[in-house]
């Protein structure tokens with residue numbers, strides 16, 4: 001398989017951008033790595049945070065962002081046995097980990113202190129060819145469309161893990177805050193596939209239409225609701241509130257409201273990462289109602305296998321729009337304005 005020496009990529013040359021669409025060298029895989037010809041890459045809010053330096057974690061610069069890359073294996077290191085040339089593969093947020101620490105040994109490899117993060121500490125998938133450690137790359141079954149699979153590699157795995165962390169059971173209700181975004185659209189479907197009832201919380205008629213098309217039972221529009229807490233509680237069958245709340249919002253206020261409409265003994269799972277935000281909860285209310293508040297990061301390798309299996313069986317469809325790689329700056333603008341329903345997937349130039 002012929003591999004060029006140069007490729008097109010979107011590169012942030014300094015924190016805060018701007019992005020530069022230019023040619024850069026094609027990397028060569030190390031002994032335990034695969035080189036993937038990226039066909040499609042999803043665009044996540046994390047990619048924008050990385051470029052802007054919003055988080056207190058040092059970010060590589062210059063940086064090729066992206067961590068939802070789906071494509072074909074075109075080269076591999078001599079130690080790689082998991083993949084063959086021509087296999088479909090996905091490169092995720094967790095590009096690699098040490099494999100030796102306590103967290104890696106107990107399958108909490110996302111918590112590894114030496115984890116390598118695609119599009120953050122190592123170059124990611126907004127380029128035609130990207131590297132990934134073979135043990136952390138995902139196998140995408142043959143016949144599964146790569147454009148539709150791309151958002152599952154981060155958004156899908158992340159919300160699937162969050163639902164598992166919430167401990168919510170079939171027949172119970174989950175409130176998904178930020179339901180109309182890329183993560184939320186997938187969270188609704190995973191919840192439904194797991195037999196969980198959904199109250200979708202977001203703003204705007206376009207997001208309402210999308211959520212209703214995904215089968216949500218109730219949509220609460222925070223831009224129109226006079227009493228969001230009452231509306232979420234009223235949407236649950238017994239009026240006692242949601243058994244779990246999945247927080248995917250990118251602003252702070254929803255993180256402060258969640259304890260008001262989660263039911264007693266309920267669980268609040270924080271996944272969204274608004275910059276400089278804090279979680280605050282009244283202590284007495286949290287204690288006497290036995291509310292659990294926890295964070296959920298990305299899934300481990302097994303979570304990735306399970307999340308992709310839901311997709312391969314046709315239980316999950318990622319609502320997405322396709323755009324060329326050169327349009328990434330426009331997509332970031334829409335993202336900053338909160339005007340994206342579902343997910344954007346970038347198509348790489350041939």
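Any Cβ shown, glycine's included, is placed from N, Cα and C.
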Legend entry - Further Zn(2+) 1 ligand in Swiss-Prot, beside 44, 46, 154, within candidate set 54, 67, 136: 67
Legend entry - Spatially closest candidate among 104, 271, 273, the listed binding-site residues, to residue 154 (Zn(2+) 1 binding site) (Cα to Cα): 271
Legend entry - Non-site residues, in chain order, whose CB comes within 8 A of the mean position of the CB atoms of 44, 46, 67, 154 at Zn(2+) 1: 42, 45, 47, 66, 68, 93, 118, 119, 155
Inset, instruction - Let me know the most crowded of the binding-site residues, choosing from 101, 104, 271 and counting other Cβ atoms within 10 Å. - result: 271
Legend entry - Local Cβ density at residue 202 (NAD(+) binding site) - other Cβ atoms counted within 10 Å: 27
Inset, instruction - Measure from the CA atom of residue 104 (Zn(2+) 2 binding site) to the CA atom of residue 181 (NAD(+) binding site) and give the result in Å, rounded to a whole number. - result: 31
Inset, instruction - Find, for the listed binding-site residues 98, 112, 154, 179, the residue with the lowest Cβ contact count at a 10 Å cut-off, counting only other Cβ atoms. - result: 98
Inset, instruction - Could you state the whole-number distance in Å separating the C-alpha atoms of residue 67 (Zn(2+) 1 binding site) and residue 104 (Zn(2+) 2 binding site)? - result: 20
